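Colleague: When I checked TrEMBL for this same protein, it listed these features:
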type     : residues : note
COMPBIAS : 458-468  : compositional bias 'Basic and acidic residues'
DOMAIN   : 526-603  : domain 'UBX'
REGION   : 448-468  : region 'Disordered'
REGION   : 512-532  : region 'Disordered'
Amino acid sequence: ESWLLPWCQFFEYGGDTLHGPAYGPTSHSTAASSTPSSSSAFRHVVPSRQIVERQPRMLDFRVEYRDRNVDVVLEDSSTVGDIKHILENELQIPATKMLLKGWKTGDVDDSTVLKTLHLPKNNSLYVLTPDLPPPSSSHSGALQESLNQNFMLIVTHREVQREYNLNFSGSSTIQEVKRNVYDLTSIPVRHQLWEGWPPSATDDSMTLAVSGLTFPCHRLTVGRRSSPVQTREQSEEQCTDVHMVSDSDGDDFEDATEFGVDDGEMFGVASSALRKSPMMPENAENEGDALLQFTAEFSSRYGDCHPVYFIGSLEAAFQEAFYGKARDRKLLAIYLHHDESVLTNVFCSQMLCAESIVSYLSQNFITWAWDMTKEANRARFLTMCTRHFGSVVAQTIRTQKTDQFPLFLIIMGKRSSNEVLNVIQGNTTVDELMMRLMAAMEIFSAQQQEDIKDEDEREARENVKREQDEAYRISLEADRAKREAQEREMAEQFRLEQIRKEQEEEREAIRLSLEQSLPPEPKEESTESVSKLRIRTPSGEFFERRFLASSKLQVVFDFVASKGYPWEEYKLLGTFPRRDVTQLDPNKSLLEVKLYPQETLFLEAKE
């Protein structure tokens, strides 16, 4: 207790209130001469011989559920379940269906006492109801649409009279905006004095979509808050609640590094646990997969309005940009990211995601990206750089310090090699970045016009040669077709001639066979009945022959056929009466068909 006695002289006890400077035990002289500061990161409870009755500490909660906000005020001796019971009456939702989220100390249950969570005075929570169906009203759709929109915040830095055009998605919080402004202005969040926020923007954890900002543009002004010297009475008043660890929300620890405390280790949490996911996996085997993760992480950090990164290897990006037709070629822009650079966040969100830059890059460039944060990825890119651009460019990039990142390399493809036109560092503005991109385009356009002219002349020569080759080919085709047609015609004539000869030979053989099979012609003085037939051919010739009246009609047909007029092709007609003899029964005798004793017949070709 020896150290306590001098300290007891600095405190007065009035009722239940403890007055005095909020310091822990250091030295008597220091405590007596120093003016206490309310911005200390920690306040120590002053030991005392007396038992001081502790006043209840009230905690304020703003709970967000869909399109509603409910304010809840409770003592820190209450439990999480007490909050749910209040919300059950306000929201008409069973407490068993609620998931209360937003705790900064991890998961809690209904029996958790608020005092054990060491909460600040003002807190923001939100309710999830996964077991309940979503509302069918249009408010949910409108909120989701607002979360997906991009807000343009025109922030004026009052002291230097400079404007910043900042793009944020509707899902970004006011706290994220203030931290980005800190990167630009070097004004810590706790020292920022703002003008222009809507009256509804009362909580830094609120998203821009529900804060009441004017869409798509909203003007804000920021300056540095003055820090007047505090009086002894002000210090004592601020330190009334000495039993509290801290009444500050997250803003008071924005620049804890000024006091030698790392912002990641302030509450015993490693700084790496607070960092975002890496832009690219370390030692990625496939460059395309690495670029897919890079694009997804870039979108989650800075929104969907960003350059379209080529997914594939650097060689594939060269092929896409440089090796097409001259009119289709583009410049290659290589973006080199580094998470540990203080310029990265501002460069990505304000320069690289500006609509004018995104549009210009998409029209005139193939954009490829790589993350230089990890040493293995850095070494891999330097190897690629040496192979494609030479050791000089690789050495230039190797000597760049971390705070000079990110880098933007502008590459132009040439006939024999690839030329680096420009290396743009991260400490630039949108206007300067656009001017340097346009300057690179001017150089590229001049080279492209020469390439187009050479390509057109080469294509003209190739077209003439192609036309000549085509004409020669057509001439050869025509000659070959003519020769083949003649050969086909000769072959057809030969085939027809062969058929005709075969038919004649067959017909002659049949004729001779019939002629030999005919019975002998009876003599005129024959004692048997004889029929004399006179036959006229289609050519007007006549031939006569005698047949026995008992001979069958088929013998007459065979005789006519033996003269070259087969009955399949010719019909034999009688005169009086006119009749077609070939229609009669060939097995009947001449006497029966009334061709006795004589008859004149004539031959007619069948149709």
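Sequential numbering from 1, following the chain as shown.
In case you wondered, yes, glycine gets a Cβ from its N, Cα and C as well.
Note: TrEMBL annotation is automatic and uncurated.
Note that this is a predicted model, so its numbers are computed, not measured.
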Colleague: Go ahead and report the DSSP secondary structure tallies for the region 'Disordered' (448-468): helix first, then strand, then coil.
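Modeller: Its residues fall into 21 helix, 0 strand, 0 coil.
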Colleague: Averaged across the domain 'UBX' (526-603), what pLDDT does the model get? Just tell me the whole number, please.
Modeller: 90
Colleague: Using DSSP, what is the helix/strand/coil residue split across the domain 'UBX' (526-603)?
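Modeller: Across the domain 'UBX' (526-603), DSSP assigns the residues as follows: 13 helix, 29 strand, 36 coil.
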